[in-house]
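Enquirer: The structure follows.
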Amino acid sequence: MSFRQRPSAAQPRPPPAESEPYNIIPIHNLLADHPSLRFPEVRAVTSALRAVGELRKPPYGQWAPHMDLLDWLSLFFGFQSDNVRNQREHLVLHLANAQMRLSPPPDNIDVLDSNVLRRFRKKLLRNYNAWCSYLSKKSNIWISDRREVSSAADHRRELLYVSLYLLIWGEAANLRFVPECICFIFHNMAMELNKILEDYIDENTGQPVLPSLSGENAFLNSVVKPIYETIRYEVDSSKNGTAPHRVWRNYDDINEYFWSKRCFQKLKWPLDLSSNFFVRHGSGRRVGKTGFVEQRSFWNLFRSFDRLWVMLALFLQAAIIIAWEQKKYPWLALGTRDVQVKVLTVFFTWSGLRFVKSLLDAGMQYSLVSRETLGLGVRMVMKSVVAAVWLLVFGVFYGRIWSQKNHDRGWSAEADRKVVTFLEVALVFVLPEILAIALFIIPWIRNFIEETNWRVFYVLSWWFQSRTFVGRGLREGLVDNIKYTLFWILVLATKFCFSYFLQVKPMIAPSKALWNLQNVHYEWYQVFKHSNRLAVGLLWLPVVLIYLMDIQIWYSIYSSFVGAAVGLFQHLGEIRNIEQLRLRFQFFASAIQFNLMPEEQLLNARGMRNRFKDAIHRLKLRYGLGRPYRKLESNQVEANKFALIWNEIISIFREEDIISDTELELLELPQNSWNVRVIRWPTFLLCNELLLALSQAKELVDAPDKWLWYKICKNEYRRCAVMEAYDCIKHLLLEVIKRDTEEHSIMTVFFQEIDHSIEIERFTKTFNMTVLPQLHTQLIKFVQLLNKPKKDPTQVVNALQAIYEIAKRDFFKEKRSVEQLREDGLAPRNPASAQGLLFENAVSLPDSENEAFYRQVRRLHTILTSRDSMHNIPVNLEARRRIAFFSNSLFMNMPHAPQVEKMMAFSVLTPYYSEEVVYSKEQLRTENEDGVSTLYYLQTIYADEWKNFVERMRREGMLKEEELWTTKLRDLRHWASYRGQTLSRTVRGMMYYYRALRMLAFLDSASEMDIREGSRELGSMRRDSLDGYNSERSASVRSLSRTSSAVNLLFKGHEYGTALMKYTYVVACQIYGTQKAKKDPNAEEILYLMKKNEALRVAYVDEVSTGRDEKEYFSVLVKYDHELEKEVEIYRIKLPGPLKLGEGKPENQNHAIIFTRGDAVQTIDMNQDNYFEEALKMRNLLEEFRRYYGIRKPTILGVREHIFTGSVSSLAWFMSAQETSFVTLGQRVLANPLKVRMHYGHPDVFDRFWFMTRGGISKASRVINISEDIFAGFNCTLRGGNVTHHEYIQVGKGRDVGLNQVSMFEAKVASGNGEQVLSRDVYRLGHRLDFFRMLSFFYTTVGFFFNTMVVILTVYAFLWGRLYLALSGVEAAANTKSNAALGTILNQQFIIQLGLFTALPMIVENSLELGFLPAIWDFLTMQLQLSSVFYTFSMGTRAHYFGRTILHGGAKYRATGRGFVVQHKSFAENYRLFARSHFVKAIELGLILIVYATHSPIAGDTFVYIAMTITSWFLVVSWIMAPFVFNPSGFDWLKTVYDFDDFMNWIWFRGSVFAKSEQSWERWWYEEQDHLRTTGIWGKVLEIILDLRFFFFQYGIVYQLHIASGSTSIAVYLLSWIYVFVAFGIYVVIAYARDKYAAREHIYYRLVQFLVIILAILVIIALLEFTGFTFVDIFTSLLAFIPTGWGLLLIAQVFRPVLQSTILWELVISVARMYDVMFGVIVMVPVALLSWLPGFQSMQTRILFNEAFSRGLRIFQIVTGKKSKGDA
């Protein structure tokens, strides 16, 4: 790259403050010595901004000569000065980067190119233009888009528009979430700007026009603040998000106000603060919800995805009608006219469903209708009316068919004509659907109609869709359309065949039998005497539920295989291990060259021909055609570049301690020295090759040279090993022997002979091949001597003599006499000199300081001796995985890398709150109750990495291990932190981008000389730093910061400039200011991170108190200034008020996003990591933004994640396996072929300017956007973006590792999904996507959770249905064979329950990436480690929280700790977390199973009972036992005893008002009912209806008691309630006596107790004597009355607002406490039993920590705390 310098004469005078802190480039001082300022593009943009020319100067404020266009805008409109500085740098960086990317470069590089500016302006204002066109407003951008007309004034005007938008955006604070509001502000301010530019005259004053706002902070105070205050008021009225969504406006409502013209009529400009938009609650004028009302209801699933439910309902109806005929095949049944006509009733269902939907729409959205939006109301009413009319019409025409048939006593021609009439009517009904199908087949017509804002289209589509600004033109291209249509047709065809033949058809016979069952002997009071309708219904219920959800199963199966196929075509998993890498390593250099090194970009680089050439080249690389590595030998530069990159990757592995020093030597590519003629491959590839070559030579003793060499050359590594060994030995021997001695000349001659014989191809003829092994042995001895630390010269001489003797005596085939030898120069000339032994005085060994020499000797020794094929190098599994993934990815398809200067710039943004930055000394040393410290745990889990770390510390001068706690403490803390989920790990990972870019920039511009010199210098440098223990050189190296690596020493300086221009990393540490004030250690650590990483910036919110109770808020950006050696503040931008109005994380991201730079932004979470070798591919990834995927370019690039927490415990492994299959296979299928990938994980890369102008990278409304990430994806899809997924690059991600953390995480995700169901985004996607994409969308987001819940409901429906049949006596009477269909249902339910849902994608993905057998083995291991128990348990978590959120709300952000799982969780803690979601439900199902077992006639046949209920029992056991199975020391007897005490203390704790739920049961009990306080009236009604099921036990069981003596009168049931009241009465009496007497007159209290007991005994005796009561009845009745009490309790909780003030509430609380004690004991019994049994605890430990076990851990000691003293 030429150093394009620009003459520095014409520079404007810099402003006085030269030392003013800057962020990336000191634009204010272009003379500064800063590497980025040497780019002429930067100067070009700066001078363009300074060309203020003859613009009218602002009337306010002092105009100075150095000011530019942004200052001009700021003085006119009152922007903050730091906002101006921030956006100035933003604009300069962006335009300069864009201009650098131009190819060919512009003619004049010192001037800002007008095309660059125009392109940027169009991109930035595209959303604004779309908004203007949507509202039929004329855009206020007064520039013609024709190319020719581009004057300087136009150029300046374009800059002004862009700057104005950026300044508005940069100061908009929370308004950045309402993009169309920003459009409205810009629209009006651009108009004022136009008036100033065109010199309009103000009619009132006669002066030139002035903007309506000006002065200091005018924009903030008069524009941002009023709207901000409105939003803030709405948030306050939401009562922290607990008020129903329908009563307050969230960000989306505020935004959608600007989607109608009323914003111009009502709000006006300047903002009219009396407008009803700003009106607070109370008056009727307030603007209500806009665009959508989020109503909490399950009906939302039907409303949003009505097309899916209509399809399912119609098919089910038709299937039942056809199957009712009981023919073998459906088409046989359809042959009769009767059935055909009956099937036509589906139209009733269809029109009925339409009617229901129209009613729902009206019922939920009525509050949108106001005076301003009457059209909406009219449409709602009309839709309901029309749907009702259709129902009537169908009824009339259908009735006519049958009346005609009955009249004609058969199907006459007239009756047929009536059928045809009915079909004609139906055709009219389905016309809209037919039209939709037509538009689906030709998607671009649909897109055109939706995207053009012509009134005629609007009128036509008014009936079908409400007009919204988003969600228009979402159709994909034809090819994509065909792909996902075929996928779904396959899935649906499978499902419907399966449903018909295996679900519906087998149910018909038992249903008919039950229906026709006569004179059943009912065992209770039967309400409907003569029909079994209820029984039939209960039989069908589980079938219907599974029918509704099983598309999920088929989707799961097909998507796994499609995903695998797509993965195969992407060449995933071709290099799975080091063995396969060895086979391909030869082409590896060329692959790196091809993918990571930019080619000289020719002008026509985009044509088809080039694509074709690329494809051919990739094939060659992939399969090693044309031997690409041969080119390497001729092209030294390429080889050296490869060596630099490879060695840098390996040395970073060493820095991360995942390989040891020896492995480093084995893996690195040494640079060329010692005149070796071949590439010197890493030693681990050459192992054993030399020995194999020797044995070949021995076998082919008499073969000619050519043949032997041909055999050896068959293996490239063997050829290289032979040549390198020969060249090295030759060099070594000549090096060790002094020059100018006779011995030296003898050796020289000897080698000349060998070389000559090889040249004339007579080597095998001249020399004796059988002697080679002897020579080999002697050479090994010789090299070993040189390798010893203490070198003994006499032994060296002896070795040399031995070698010489063999060579002289046996090596030559023709024996020569001494004379001949002397003549040939192979023996000493004069015998006199031979008095001393030969070589005695001729050996001089290099100094032991000469590390380069001895390193080569070591390498030679390895080549000569290694016998094993080093398959297990490197030892560390992580290192192997990374090398394998990296090398494999280079053979995948990726865009070409541009030069670093020409790549897109990007930033990384990480939101951080108060998590760990670096572990402190205390955290590492503190031991838990088992005596295990975090450090000890890490040392055991990462034993090899700990060894490597200690080795590295020793090399850096540590003498004793105690120093780790003193001088090396920081290294130790970092080592531990890089293995946890800490901020320092994330920062280290993200700073690899910076390192990679610097290195790539160096390689881009380095000349051949630089690189050749480089690899030499580096070689020596690295040696010193590795091996000079105490040498001074290594001290100087160490003083360089840790991030410096060997390559740094070659840099010329410009690399830093280039890298800074292209990359910045912003961490949004929201409370960093507070942390600094409190002297929080985290603040110091963050400062240290800034000090170490120059591209790191920290953004935080600063609160400044101004007066009493008044605070000002600022967004602040800081960095560490290395010259001043302190933290400096760069920008401070005032905010309109507190930052957090919505969810915390998106607000935190939003406040910091103004400090990011570049075309793209990658959102990275606090629990992520990155790898250097992956960072090298970032510039390739960013090129994807330029490619079309389908008909659009991508706006989000999805990136693959690697879950790095899998090795901690088996639970972490299940979780990471589940996640891995989701983030790889799942996302791959979603992106291609289904085209519905949204945004889930965090490594996704966003098109920054696209999102910036469309509401940011996440949504932030309170509660509804609790899963903030996915809404970015929804928003992107609705606004016409495109999301892709790329698997050639990966980012690390940590997951939760303990069961409690995992459950909290799943609860958060499930609650988030429950909220999504209500959201407008899901509703719009459900309606605006075409049918098949809607299916994909449903089954991969909310549908997945809904279907999980349906599975759980199926278990309930099945068991309750069975219980009904058993207790009522129907089962005994029928004894039906209805088990076939039920068997199918149960199997399907079981398959899902065992987690085969998650397992199949997992197996398929693993077999793709690791191979089929390892995948199956993994799966079996998982089963043995009880993964099914875990998956069943987590299904319960999902179902519970998803259902509860939809019914009652109460979703909240759950902070899941990110620690390690080594401490035992107490029983009380598990009980608090899982009592309501799992334990109580499991106990309920267990109770049903027990009652069924005792009262069902079928249960007598044990096998049938087991077969029917085993899945349900499995569910019960999993739900009760999982928290203990996956709890370290879960079955330790002593802990169990201790836990039980602790649990009882917690239950009976009568603490203060301020007790937390961890201390007091009562507090916890109230918290568990929180959702009932936020729920609406329908939620309460539904809750009560669900609770009524508990009264059924009593109804059913009372009639079975002996006391009832077979009576089935209703009186029996009513009398049984006496028992309930008596029990309550006794409870009240005793409680009253206790309160009154227990303390003072204890004897009375005992008396009352005595009387009650006596009374109870008397009653029982009387009953036994005078009625049919038996003792067994006591226990049976418990089964009846305990559930009743629980049901009453639950209902009492719903009525809490009424009951709380009455005397009853105390009773409710104490009864509830008794129930919790009972549940606790029930759960505790099996746990205690298993703890008591010997050997169970060690088995559990083995199950929980197996992965770690296989790595040779002492985890058992870790868990039980039997740490040997030596390790302390």
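Glycine too: its Cβ is placed from the backbone N, Cα and C atoms.
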Enquirer: Pick from 795-814, 875-894, 1415-1434: which stretch is listed in TrEMBL under transmembrane segment?
Expert: 1415-1434
Enquirer: Which range, 156-179, 300-323, 1380-1403, does TrEMBL list as transmembrane segment?
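Expert: Transmembrane segment, as annotated by TrEMBL, spans 1380-1403.
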Enquirer: Looking only at residues six or more beyond either end of the transmembrane segment (1504-1526), which have a C-beta under 8 A from one in the stretch?
Expert: 1210-1211, 1298-1300, 1355, 1358-1359, 1362, 1379, 1382-1383, 1386, 1389-1390, 1393, 1426, 1428-1430, 1432-1433, 1436, 1465, 1470, 1473-1474, 1478-1479, 1481-1483, 1485-1486, 1489, 1492-1493, 1496, 1498, 1723, 1726-1727, 1730, 1740, 1743-1744
Enquirer: Top stretch among 380-398, 1479-1498, 1644-1664 for CB pairs under 8 A with the transmembrane segment (1715-1733)?
Expert: 1479-1498
Enquirer: Take a look at 419-445, 1479-1498, 1610-1632, 1644-1664 and tell me which one has the most Cβ pairs under 8 Å to the transmembrane segment (380-398).
Expert: 419-445
Enquirer: Helix, strand, coil residue numbers for the domain '1,3-beta-glucan synthase component FKS1-like' (156-272) per DSSP?
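Expert: Its residues divide into 78 helix, 2 strand, 37 coil.
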Enquirer: If you average pLDDT over the domain '1,3-beta-glucan synthase component FKS1-like' (156-272), what do you get?
Expert: 92
